[in-house]
Amino acid sequence: MAGSGGQGGGAGDLQGAGPGQGTALRAPRAPLALIALLLGAYCLFALPGRCPSVARTPAPVPAPAEPLHASRRLGAPGLPVASGPGRRRFPQALIVGVKKGGTRALLEFLRLHPDVRALGSEPHFFDRCYDRGLAWYRGLMPRTLDGQITMEKTPSYFVTQEAPSRIHGMSPDTKLIVVVRNPVTRAISDYAQTLSKTPGLPSFRALAFRHGLGPVDTAWSAVRIGLYAQHLDNWLRYFPLSHFLFVSGERLVTDPAGEVGRVQDFLGLKRVVTDKHFYFNATKGFPCLKKAQGSGRPRCLGKSKGRPHPRVPEAVVQRLQAFYRPFNRKFYQMTGQDFGWD
């Protein structure tokens, strides 16, 4: 079961929230104009925006593996090469969700594999940039050789109504990876990320509930994203369950090699990324990658990963746990996996 976060990091940070502290449930009063200003700033950071500018970034050095045939060696991984080997292809696999679940960590772990080529930034094609066309989208992808897999990750796809049909239109054979996490700690992590960009935001409690401690406000994206069963219902209209792999954000912290092993199996890849590639960073509270061959030091995710969570009253956490419980149980039934959130 999840608690609130006083010391924990974000879900995308791969870190759970710690036990809740504090007892006051009354919201502080503030002038209406100030509240409106802060909510406007929150919307600026939290709601879907314009089509982003996508940069092709170099991929990390692949993990040591069996020597590749000379014809398969690549020059600068992830960079566009006009006359280089391979060709740009549509992704065969997508990490489609969820925000603050651990998607960035999973992508970085997978990019160690010599047969995975992934776009580093989030293109947001199937939610914000679809009008640019499939040719534009394919042009963003790194070049791959036969036997290599092209991937990208955009966590907002999972909660975008149009995304399943659009991805199915690109290829009905696309493999879909969803990293999920206890929806309560995920929501707190989501709020912590926004709070870091918008200091003075109303309290988590004020945003999560209508009229004080009234009904849970499912219009708030931080709450709505955690209704995994509802979102999955939409996807199953277009893809069979066999096309999905559901990764536990919690186990990605406690057993990264095991979860990444499951992903490699799902993608039909040899298990190249193993426990020898990870170590646990006690300061950040989640796994980091041991230094790659030719690299000077180990690699952890950026400073924004592992940020402290604001303290949330235990009564608020318990209310949200009770709210999510039936949705979680339905999600367990749909996926055939018990993620242990209840």
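Note that Cβ sites are derived from N, Cα and C of the backbone, with glycine treated the same way.
TrEMBL assigns the feature region 'Disordered' to one of the listed ranges (59-82, 155-178, 179-202, 251-274), namely 59-82. Among the binding-site residues Gly102, Pro308, the residue whose Cβ has the fewest other Cβ atoms within 10 Å is Pro308. In sequence order, the recorded positions near Lys100 (active site, for sulfotransferase activity) (Cα within 10 Å of its Cα) are Ser189, drawn from Ser189, Cys288, Cys300, Pro308. Look at the recorded positions Lys100, Arg104 and count other Cβ atoms within 10 Å of each Cβ; Arg104 has the fewest.
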